[in-house]
Structures are given as structure tokens and as C-alpha cells.
Amino acid sequence: MGAVWSALLVGGGLAGALFVWLLRGGPGDTGKDGDAEQEKDAPLGGAAIPGGHQSGSSGLSPGPSGQELVTKPEHLQESNGHLISKTKDLGKLQAASWRLQNPSREVCDNSREHVPSGQFPDTEAPATSETSNSRSYSEVSRNESLESPMGEWGFQKGQEISAKAATCFAEKLPSSNLLKNRAKEEMSLSDLNSQDRVDHEEWEMVPRHSSWGDVGVGGSLKAPVLNLNQGMDNGRSTLVEARGQQVHGKMERVAVMPAGSQQVSVRFQVHYVTSTDVQFIAVTGDHECLGRWNTYIPLHYNKDGFWSHSIFLPADTVVEWKFVLVENGGVTRWEECSNRFLETGHEDKVVHAWWGIH
């Protein structure tokens, strides 16, 4: 058993050594890798060194030529670093001279931060030869010539932004608001004056022989006889009242209110038993206070099936009206009779009627 264990240990050691050798590669590969590294280091030093691989050295032993390849690139890198420092110093001198020549454009440097970085030269890139340095200098001068119009554009844009900010600030000031309000008031006053002139001309066009109280159907009911002056006064008051409701806040143009324009309270009352809770009784008529047959005035339920509501109507006026049944916001039933007529007179009154019966 001891011999078996020793054989297994020896075999395992050999297998492990072979596995490690396969992972690291053969001894010939190291020479190739060293040559590849030397070839990569050669361009960094500038020009290739002649005879670098002509010394006859094999891949197993690099020899003294490999040491020369290692030391020379370091020397070239130092020289390149010296060249890089020179390019940095020259760039700083050019920037300082440009700022001294153009001191007024220092403000425009902030606007260059918003320009894409691809439009500015990268002067900190390492130069590998004097030819590349001369090219970088030409590119720097060309890009600086391009930067000058970009700086002017940023300066103009800054002026536009400042002008817009000044206008916004002026709009927020209370003095500008006062000026705007005064201008609006003057325009509204001029519009009111022009409308007053038009209304005065329309009043002059009203025929003097028209009577505003003659309302009736088939001569069955006649309005009280009015003289000419009363007819004109009533006509003008009715016209002014109608226009005053259409135009908001313009009732001040009525200088004198005639005595016939006073109002009386009329209480409409009817008995009707509705079938549902959503139904109610309303009144409508040809006068604007009654909805002009387009809308209705709801009546309030009292008790025992009675509905009533008080409405103000102009005195000495004949109106045509009727009760209606309303359900869900719409008229579902009208009185089964002809239209009713009412003479308002000069005193308050109560109009009690039965549904569908005159």
C-alpha cells in the first residue's frame, strides 16, 4: 500500500506541473511576447530603431539589444514630455496675449461653456514629433479664429436675454400696470360714448304714433286709453328696461324714470296635485319677467296641493301667461286652455286660478 500511495503522489505532482506549464505557455512563447512588447514600445519613442531584430538573438535570450530598446524609449518619452510642456507654455502665452488684446471679450468666455466641446482644440494631447506639434499649432490658430464669432454670438445672446428680463421686470412694476389700467378705462369710456350716441339715434327713430299698451286677442280685452305723451314715456321706459338687462352695468344712462315704470307684486296661485316628487308647477308668459315663453318661473309648494309665488311686473301693463307642469327640468304639460291675460294696474294683487279653467 505504501508503494501505491507514493506512485499516486508522484503522478499527481507530474500532472500538476504539466498543467501549470500549459497555463503559462512554453519557453518559446516568452520570447515572442518580449518581441511584441518591444515592437509596441518602438512607435512611442518616435522613429523605429534599425537593427533592433538583426542582432541575431533568438527568442529564448533577448541579449543586450533588448536592453537598448528599453532604455531608448524612456529617453524619448522624457524628450516628448519636454515637448509637451513647451506646447502647454505656448498655449498659455497665446491665451494671455489674446486676453490683453481683447479685454472686452472676457465676458464672452462664459458663453463658450455652452458650445459643444468638439469645436475647441485639445492642446493637452501629447505630441510625438515636431511635425505633429506644428499641425497642432495650426489647428489652435484655426479654432481660435472660429471661437471669435462664437464669442460674439454668445455676447449678443446675453444682451437679448438681459433685454427680455428688463421687459418682464417692467411688466411686473405697479406703474406699468397703472398705465395699462388707465388705457383700458379710456377705451371703455370711448366705447360707452359711441354706444350712447347710437342709442340716442335709435330712440329718435321710434315712431311717435305707436302705442305700447295695445295688447289683446280679437278685441276681447283692451288696454286702457293712453294719451300720446304717456305712450311715448311707456315706450321709452320699456325700451330702456329691456336694453338695460341685456347690457351689463349700463343703467346709468337712463336720466329720468317716468312715473309709469313702477312695479307691482303679483302673486300667482294654483291648485294641482303632482304624481311624483320631481314634478312641480311653474308659470311662463310673453313678458321678460315671465320668461318670454322660453323659460319658466317655478312656484313654491305650500300645502294641500297649492302652489304659489310672487313676481314683480311693471304697472299698467297687460301680460299673457299660463301655468305649466315641469319634470326633470323640462315642461311636460301645459294648461289645457287658451292663454291667460293679466292687467297689472297700480296695486299688488293675487291671481288665483284653477288648472285648465278660466
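Just so it is clear, glycine is given a Cβ too, placed from its N, Cα and C backbone atoms.
The compositional bias 'Low complexity' annotation in Swiss-Prot covers 50-66.
What Swiss-Prot lists as domain 'CBM20' is 258-357, and the listing cites sequence analysis. Averaged across the domain 'CBM20' (258-357), pLDDT for the predicted model comes to 90.
Per Swiss-Prot, region 'Disordered' is recorded for 30-70 (among others).
Feature annotation from Swiss-Prot assigns region 'Disordered' to 104-151 (among others).
Swiss-Prot lists 200-206 with the feature motif 'LIR', giving a curator's inference as the kind of evidence.
The transmembrane segment annotation in Swiss-Prot covers 7-23.
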Message: With Cβ-Cβ distances below 8 Å as the criterion, list the same-chain residues six or more beyond the ends of the transmembrane segment (7-23) that contact it, or say none.
response: none
